Amino acid sequence: MKDIRNIETDLDFENKIRPQELKTFSGQDKIVDNLTVFIQAALMRGESLDHVLLHGPPGLGKTTLANIICNEMGATLKMTSGPVLDKPGDLAGLLTNLNAGDVLFIDEIHRLSPIVEEYLYSAMEDYKIDIMLDKGPSARSIQIELNPFTLIGATTRSGLLTSPLRARFGIQCHLEYYDSRVLSGIVRRSAGILNIPIDDQAAREVALRSRGTPRIANALLRRVRDFAMVKGGGHIDLEITRYALNALNIDARGLDRMDNKILTTIIDKFGGGPVGLGTIATAVSEDTGTIEEVYEPFLIKEGFLKRTPRGREATELAYAHLGIIPPTRQDTLF
């Protein structure tokens, strides 16, 4: 039996292909241009960069941008996430250990508890926090000065952020889905770094089926590479790419099994809608948050689904995509 060595984890793969500088970050051109100016200005003043909020659908590069900002500022990055910070003491431990100019990255910042969020306000605004010592009648508060730092918050649900927290981010960047041209370039770049031979047509096919998302494009590249190694002599061409993606249930529009299941369920079980999100989630055995954050934005963006006050409705494009004849809707006077 062969020894298995050098097992490639998702983290190893991402670290290999992740851009380290703004000039090598593809797409989001306006954000990159603005961040370049803000970072250069902060360095010229000898100050920490203003606090940054990165928001948008998952997989578009928020964590990558946080790492790049840290690199460009020559700073040290400390990473955590909203759900992990249960108590003010958890946050205080992080903040008091930051050196001047350090960057604190909080992923899923919309999931901070209200008490921890309030603790952030003075830290972001005045670089100070108040810590309670003891309990009961002997309890007292002391104020601790913090070193100047940059907070980078990332969220897929910016609408859940409170106004006071959002207002404290001087730099706010909304990441958009990528077009196929930019994604093709990302796929070719990743393939080059990993020494995977790939045709331009194959790279474009991967891009077209990647839901406008670099993370998905790179994940699909790994799986297509597997098919190419086993069934295609190691070279990724258009034929093996289509074969692999079809085997993975990724259709020509980038919809996967769950996307199509959601649309089919709305049409077959609920007459095309409108139907509530919770009902859809129960019918397809998926979490409501996952549907709302992962699947729904792309389906709406591509025109397969629409959100109404009464619920979700399948569009004519969804019927056409699934090869189903839409019902005739008769308007009535009453």
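The chain as shown is numbered from 1 upward.
The backbone N, Cα and C atoms fix where each Cβ goes, glycine too.
What TrEMBL says about this protein:
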{"type": "BINDING", "residues": "Ile17, Arg18, Gly59, Lys62, Thr63, Thr64, Glu125, Asp126, Tyr127, Arg168, Tyr178, Arg215", "note": "ATP binding site"}
{"type": "DOMAIN", "residues": "48-179", "note": "domain 'AAA+ ATPase'"}
{"type": "BINDING", "residues": "Thr63", "note": "Mg(2+) binding site"}
{"type": "REGION", "residues": "179-249", "note": "region 'Small ATPAse domain (RuvB-S)'"}
{"type": "REGION", "residues": "252-334", "note": "region 'Head domain (RuvB-H)'"}
{"type": "BINDING", "residues": "Arg307, Arg312", "note": "DNA binding site"}
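Shown here: features listed in TrEMBL, placed on the structure.
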{"residue": "Ile17", "record": "ATP binding site", "Cβ neighbours (10 Å)": "17"}
{"residue": "Gly59", "record": "ATP binding site", "Cβ neighbours (10 Å)": "22"}
{"residue": "Thr63", "record": "ATP binding site", "Cβ neighbours (10 Å)": "18"}
{"residue": "Glu125", "record": "ATP binding site", "Cβ neighbours (10 Å)": "12"}
{"residue": "Tyr127", "record": "ATP binding site", "Cβ neighbours (10 Å)": "17"}
{"residue": "Tyr178", "record": "ATP binding site", "Cβ neighbours (10 Å)": "24"}
{"residue": "Arg307", "record": "DNA binding site", "Cβ neighbours (10 Å)": "15"}
{"residue": "Arg312", "record": "DNA binding site", "Cβ neighbours (10 Å)": "24"}
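In this entry, ATP is bound by Ile17, Arg18, Gly59, Lys62, Thr63, Thr64, Glu125, Asp126, Tyr127, Arg168, Tyr178, Arg215, whose most widely separated C-alpha atoms sit 37 angstrom apart. Each residue in the region 'Small ATPAse domain (RuvB-S)' (179-249) gets a DSSP state, and the totals come to 51 helix, 2 strand, 18 coil. Residue counts for the region 'Head domain (RuvB-H)' (252-334) by DSSP state, with H, G and I taken as helix and E and B as strand, are 43 helix, 9 strand, 31 coil. Mean pLDDT for the region 'Small ATPAse domain (RuvB-S)' (179-249) in this predicted model: 92.
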